[in-house]
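First comes the structure, then the notes that go with it.
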Amino acid sequence: MPAIVSAKDVTKIYEGGFEALKGVSLDIEQGEILALLGPNGAGKTTLISVICGMVNATLGSISVGGHDIVDDFRGARSLIGLVPQELSLEPFEKVINSVRFSRGLFGKPRNDAYVERILRQLSLWDKKDARVKELSGGMKRRVLIAKALSHEPRVLFLDEPTAGVDVELRKDMWEIVRGLREDGVTIILTTHYIEEAEAIADRVGVINDGKILLVKDKAELMAQMGRKQLCIELQEPIAEIPAGLAAYELVIGTDGCSLEYAYETRGERTGITALLSDLAAQGLVLKDVSTSQSSLEDIFVGLVGDAA
Amino acid sequence: MNLTAIKAIYVFEMTRFFRTLLQSFISPVLSTSLYFVVFGAAIGSRIDTVEGVSYGAFIVPGLIMLSVMTQSTANASFGIYFPKFIGTIYELLSAPVSFVEIMIGYVGAAASKALLVGLIILGTAFVFVDLRIAHPVAMMAFLVMTCFSFSLLGFIIGIWAKNFEQLQLIPLLVITPLVFLGGSFYSISMLPPVWQTITMFNPVIYLISGFRWAFFGEAEVSIGLSLFAIALFTAVCIAVIGWIFKTGYRLKT
């Protein structure tokens, strides 16, 4: 299946010379949830802004659903819903009018039943006649989501959707996102919360300094994450690993007092029991045992750190 | 053409207008009434007829023009500036609408509001002075054209403005003086010859003269020239907007 969003060598140099995107190429598959991870200022928002039409790319091309975002902007944009990072809403307007306006702007005929369904889904129905300025921050975020969904988009961009959002809304939001995915909507969310990407994404892209560092299946990343280290501290230092323990590929600490053993948590057997009894058989006395896990965060920090 | 979008923008803008009804309608009516009391009744009673028309009636076209021009500019500039200011412009830029459609929506709404205000002032004028309109159709045509052309100007100002101060700058420093010095409250023939010549460089004079002709059948400059002036002004505004749309000036980075 061709990618629903395809970016090729997109470069954005802002007035003043700041290069926010440095030749970004990215294919987003239809129906997937892609999490774009990256620190502040990495280029996440710029990339979304270019795809959605708020910012002109300096170089490169993008197509959405096969429509070029410049030559056929109507075709491309009518597929896209955008939930921006900032709570940008007309403060004096009623919630329902604000949502209807968005639908109209995208050229869709008025459909009160559909708008009602969205507002109910987002627990906004009670507030439909409230003025936007009367709402709390979390409620405003919901209105932004309702606006983005008002025209039945096929691709939904969520730019830092959970910044400043309470647990309740976060839960609701993920439920909606999963529901949308079941309907075949492609979802791209940016975040710097790694747990979020872990919880919801199919694929994870890491962006830093205007470049995409990797785009990988979450399962693959999780597999990397699934590796754990067992750290064994010994009573007495040893000079080298006894021959009988060679099969475990242990790494000896610099002081000779510790041994590290890496294993797969998902494997049938972790080999820990055998290792411990073999250690005892070799006459080694243990002082302490601890385990640690490499998280997506470690991978992320490693990647971003290497690039910097 | 995304007609639904144009309608959505238009309706959204008009809703804002009706939400601020007091500001939108009552203030122009009040200020016009004050003009009539001060200029029409108090001062006007001491002034002879101007070009065969009582002074109270003579100032009606100028008063309407004054309000319509400032209202059109203010409405349209605020209409497009406000989304920029609060950030909701993202929605316009990411929607499948062309700049032309955005412009039609905003300018159409701004012009409609100004037209309504103009008609309300005209209605108010009938309360204060004895008024007859010689060419009603031409009067409406001039009114509508003025509403649209100044709304176009306002739209440009709204896109250009980076803050509220700039938003007020051109209306305050350019439009108000031009309208006041454009013969709103006097006939050009009342001026010394030097000032008559200088006045001819004021584009507003042609609009007011044409509009006044529609009321009283008398014009200070020829109607053809008035129409040409409006057409030229509109064309310049459209050309500037065309350039803005092409380059994304101050809309897209």
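FYI, residue positions are counted from 1 along the chain as it appears here.
Every residue gets a Cβ built from N, Cα and C, even glycine.
The domain 'ABC transmembrane type-2' annotation in TrEMBL covers B:19-248.
What TrEMBL lists as transmembrane segment is B:21-43 (among others).
Annotated transmembrane segment per TrEMBL: B:55-82 (among others), in sequence order. Residues 13, 16-17, 28, 31-32, 35-36, 39-41, 43-44, 47-49, 88, 102, 106-107, 109-111, 113-115, 117-118, 121-122, 125, 128-131, 143, 146-155, 157-159, 161, 167, 170-171, 175-176, 179-180, 182-185, 187, 204, 207-208, 211-212, 214-216 of the same chain sit 6 or more residues outside the transmembrane segment (B:55-82) yet have a Cβ under 8 Å from a Cβ within it.
Sequence annotations record features per position, and here TrEMBL assigns transmembrane segment to B:114-133 (among others). Within the same chain, residues 24-25, 28-29, 32-33, 36-37, 40-41, 54, 56-57, 60, 63-64, 67-68, 71-72, 75, 139, 143-144, 147, 150-151, 214-215 sit at least 6 positions outside the transmembrane segment (B:114-133) and bring their C-beta atoms closer than 8 Å to a C-beta of that stretch.
Remote same-chain partners of the transmembrane segment (B:140-161), defined as residues 6 or more beyond its termini with a Cβ less than 8 Å from a stretch Cβ, comprise 64-65, 68-69, 72-81, 84, 103, 106-108, 110-112, 114-115, 118-119, 167, 169-171, 175, 207, 210-211, 214, 226, 230, 233-234, 237-238, 240-241, 244, 249-251. Annotation source TrEMBL lists transmembrane segment at B:140-161 (among others).
The annotation transmembrane segment is assigned in TrEMBL to B:167-186 (among others).
A Cβ distance under 8 Å defines the sequence-distant neighbours of the transmembrane segment (B:198-215), meaning residues of its chain 6+ beyond its ends; these are 57-58, 60-62, 64-65, 69, 131-136, 138-139, 141-143, 146, 178-179, 181-184, 188, 191, 221, 223, 225-230, 233. TrEMBL lists B:198-215 (among others) with the feature transmembrane segment.
The annotation transmembrane segment is assigned in TrEMBL to B:221-245 (among others).
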